[in-house]
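Per Swiss-Prot, the features are as follows:
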type	residues	note
BINDING	Gly169, Asp170, Arg171, Gln172, Thr173, Gly174, Lys175, Thr176	ATP binding site
REGION	117-139	region 'Disordered'
SITE	Ser362	site 'Required for activity'
Amino acid sequence: MSIKAEEISTLIKQQIENYQSEIEVHDVGTVIQVGDGIARVHGLDNCMAGELVEFSNGVLGLAQNLEESNVGIVILGPYKDIREGDEVKRTGRIMEVPVGEELLGRVVNPLGQPVDGMGPVLTSKTRPIESPAPGVMDRKSVHEPLQTGIKSIDALIPIGRGQRELIIGDRQTGKTSIAIDTILNQKDQDMICIYVAIGQKESTVRGVVETLRKHGALDYTIVVTASASQPAPLLYLAPYAGVAMGEEFMYNGKHVLVVYDDLSKQATAYRELSLLLRRPPGREAFPGDVFYLHSRLLERAAKLSDAKGGGSLTALPFVETQAGDISAYIPTNVISITDGQIFLQSDLFFSGVRPAVNPGLSVSRVGGSAQIKAMKKVAGTLRLDLASYRELEAFAQFGSDLDKATQAKLNRGARTVEVLKQDLHKPLRVEKQVAILYALTRGFLDDVPVEDIKRFEEELFMYLDQNHKDLLDSIAQTGNLPADEDMKGAIEGFKRTFAPSN
């Protein structure tokens, strides 16, 4: 079959007429120096602060220092293959993370990429990791309780939805355990939890994930992890990624709890980045804006007004102290930003008081207005009782001939300390907390030997579940204390069946 010359010329003409050349314009620069996870790039004159840039090997970077002749970029990934002279491309995007319900039950890194081996996260929604905190008129005062399930916290240092409560203490004093128990207690509370692990060991994070999975809490939890082996920029970004994921739910009218474990490691990572970027160091070699680092993060926790949907985001930041020194730089910064702190003391922890909450140095500045009425009534005198017990305890060591009132205070104090102890991963429903604290503050435990208190508590709960379920349900539903005679009758009825061990 022969093709005629005219046909060929017609085909060529058609091809030429249909040819379209699309011009792709990229703003590119050149790496002039690279090392320690930082690249200096020349030629990105129009780059925005916090913009994502892409290196020629596909690794992303974050523009941090915008200087006269170059841009300081922190590299968000392996930097060994990046060389001087490599091309760097602007993306035109500010750093953002994927958000949405699809993330629930997943373990992701601060870039929103899954690290749990369960396939990709199928969400198309994203949010910028840096966004302004809700304004004054968009907020509402904290008035709903966030039940942690931990007696010593719910009674003495209550937390409300939308509050920021610092958990501070030395290493190995049970900070993470408090967070895990709080997350476990949010089951059936219509609460979404986000656990941000910053600079933790991979094995520790795995342990936390398995604990949450075992108790069925992973279904409403997102775990964001930047482990100790990750580059410093990822440790710095992790909390912002976590709060961005939480804000998506908050602005949709839901309630969110975000745990930052812990912000000391984020501050250390930020110090490392700042020094490598040649920013001037300040106190303890931290950069001048280390306060702003944490304040802009924690200000994003809020209880939104009804006009904005009434959602809330509660923050539980952790700070690790050295030898109990809460007056160091980062601890004082975060104490001044948050609405109260829970101080965990290693002396108490090692003497068997767990959770090791020090009620004298712990405070909740707004949670009191969120406490349910029943708890307010039974826990009103607890803090004073404990304080006077600690004071008298010191004197009691020197003298044996104590008057009856002092002896009674010491007895009540010892029983209070015992009641506030709690086992790991066993959060208590608020109605049961009210029941045991009622028994304590109304004197029903004064004649129960201290070593029997724990058994008394367990058996009391079993007795109430079987015989007085209506009392517990009434506290849970109304938030009010049932009539005194009903409570007294129930506890006296149980005491008649309780046999002390000696």
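Every residue, even glycine, has its Cβ placed from backbone N, Cα and C.
Feature annotations (Swiss-Prot) mapped to structure.
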residue : record                       : CB count, 10 Å
Gly169  : ATP binding site             : 27
Asp170  : ATP binding site             : 18
Arg171  : ATP binding site             : 11
Gln172  : ATP binding site             : 12
Thr173  : ATP binding site             : 26
Gly174  : ATP binding site             : 20
Lys175  : ATP binding site             : 23
Thr176  : ATP binding site             : 21
Ser362  : site 'Required for activity' : 22
Using C-alpha atoms only, work out the spacing between Gly169 (ATP binding site) and Ser362 (site 'Required for activity') and round it to an integer in Å. 11
Environment of Gly169, Asp170, Arg171, Gln172, Thr173, Gly174, Lys175, Thr176, the listed ATP site - residues of the same chain whose CB lies within 8 A of the CB centroid: Glu320, Leu344, Ser346, Phe349
Grouping DSSP H, G, I as helix and E, B as strand, the residues of the region 'Disordered' (117-139) number 3 helix, 4 strand, 16 coil
Reduced DSSP state (H/G/I helix, E/B strand, rest coil) at Ser362 (site 'Required for activity') is coil
By the DSSP assignment reduced to helix, strand and coil, which category contains Gly169 (ATP binding site)? strand
Can you tell me whether DSSP puts Gly174 (ATP binding site) in helix, strand or coil? coil
Alpha-carbon distance [Ser362 (site 'Required for activity'); Gln172 (ATP binding site)] in Å: 18
